[in-house]
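Just below is one structure, and these are the notes that go with it.
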Amino acid sequence: MNEDITPKKPNAIIEWIDYRLPIFAFLKHFSHYQTPKNLNYLWNLGSIAGIALVIQIITGVILAMHYTPHVDHAFDSVERIMRNVNYGWLLRYTHAVGASMFFAAVYLHIARGLYYGSYKAPRELLWHIGIIIFLTMMATAFMGYVLPWGQMSYWGATVITNLFSAIPLIGEFIVTWLWGGFSVDNPTLNRFFSLHYLLPFIIVALVMLHLVALHQHGSNNPKGIDVKSPKDTIPFHPYYTVKDFVGFGVYFIIFAYFIFYEPNYLGHPDNYIPANPLVTPAHIVPEWYFLPFYAILRAMPSKLGGVLLMFGSIFVLFLLPWLDTSKVRSSNYRPIYRMAFWIFMADCLLLGYLGGQPAEEPYITISRFAACYYFFHVLVALPLIGKYEKPLPLPEEL
């Protein structure tokens, strides 16, 4: 029997829409997008972070329908969501745990980029947009942490906003402007609620830019070499969509475990106490994803020095494409840098641990050494290793 090979006639309605708004052509581009054939499961993390962002926006919008941004009612409105709103407990825990899962995916995404040199030419702007997304996430998460108006929310807002007072000449003015008064109060809560609602949509716009930059030169790969021929690539769909769904399955299993069994494991019990400006908690601790930077902040005895180091530890990431002088991207072919990378990862984990400890000895001294190594790795070790390291021979093809 002869097989009918007549091409399928396109749908007239789809053609009409596509001519005016090429949304179907855009989706076709995504499904036929050529991707390096050797990507491993670490390349799932971008898609996982995208799913996490969608979950945060959906749950956040629904929670905002029941939340009251007023210092006299905010704490009670959160408790009412937990007790009286249908599945309110699930919405709140999904949103709270989802923030941690989002940051976990992004931190692993950044670590993968550092290991495989995804910040190197021609992907510098892709890396920079990613760091801007990370900064916007931090601002969004900080403001969201204030909204339940518990003890840790109030005092966390007080401590972090007070950091701007370290800026010479204009610091006090900035703090008063942020507060909308002379202390953290109702205007502060309203501003933070408004910005917390707005910033996720700005993150979506930045993610779109991130994807445009990604599609300009394509994904990096574990070997860190450029695609040289069509045989080095495969279509994104179905090969990597199926692989992504495996990653989603693992992600949602971990996500569900924390929601249903340990929803408050990553939080702080003091935030179940209503905010009281007259009682300072014994130990003010931010969320876990801020702890490494909090440790760097506390490592400096001077307030201004700590603020500069904390922000510098993030902004220095913008310089990585030029600080790393090696022509080889992947750490698989850079034995010395690979060792330095894992020491750097251990240092970041140590800073995270130290950020959660009381501001006393020996934690302060260890924090100083760990903060020094953080900057030493990025500003000194990275350029020197790239200059003097002898990499292994690179393969000719994927």
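Backbone N, Cα and C atoms are what each Cβ position is placed from, and that goes for glycine too.
Annotation comment: Swiss-Prot describes His95, His196 as heme b b562 binding site. Swiss-Prot lists His109, His210 with the feature heme b b566 binding site. The annotation transmembrane segment is assigned in Swiss-Prot to 45-65, 96-116, 129-149, 164-184, 192-212, 245-265, 277-297, 304-324, 339-359, 366-386 on the grounds of sequence analysis.
Feature map: annotations from Swiss-Prot on the structure.
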residue : record                   : contacts (Cβ under 8 Å, 6+ apart)
His95   : heme b b562 binding site : Gln56, Thr59, Gly60, Leu63
His109  : heme b b566 binding site : Leu45, Gly46, Ala49, Gly130
His196  : heme b b562 binding site : Gly60, Thr140, Met143, Gly144, Leu147
His210  : heme b b566 binding site : Leu126, Ile129, Gly130, Ile133
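In this chain, the transmembrane segment (245-265) lies close to the transmembrane segment (45-65): three or more C-beta pairs between them fall below 8 angstroms, excluding pairs fewer than 6 positions apart. Counted over residue pairs separated by six or more positions, the transmembrane segment (129-149) shares fewer than 3 Cβ pairs under 8 angstroms with the transmembrane segment (366-386), which leaves the two as not touching. If one looks beyond the transmembrane segment (45-65) by at least 6 residues along the same chain, the residues whose Cβ comes under 8 Å of a Cβ in the stretch are 81, 91-92, 94-95, 98-99, 101-102, 105-106, 108-109, 112, 144, 193, 196-197, 200-201, 203-204, 207, 244, 247-248, 251. A contact between the transmembrane segment (339-359) and the transmembrane segment (277-297) is present, since 3 or more of their C-beta pairs, 6 or more residues apart, lie under 8 Å. Of the Cβ pairs linking the transmembrane segment (366-386) with the transmembrane segment (164-184) and spaced 6 or more residues apart, fewer than 3 are under 8 Å, so the two regions do not touch. Relative to the transmembrane segment (164-184), the listed stretch 304-324 leads the set 96-116, 192-212, 277-297, 304-324 in CB pairs under 8 A. In three-state terms derived from DSSP, His210 (heme b b566 binding site) belongs to a helical segment.
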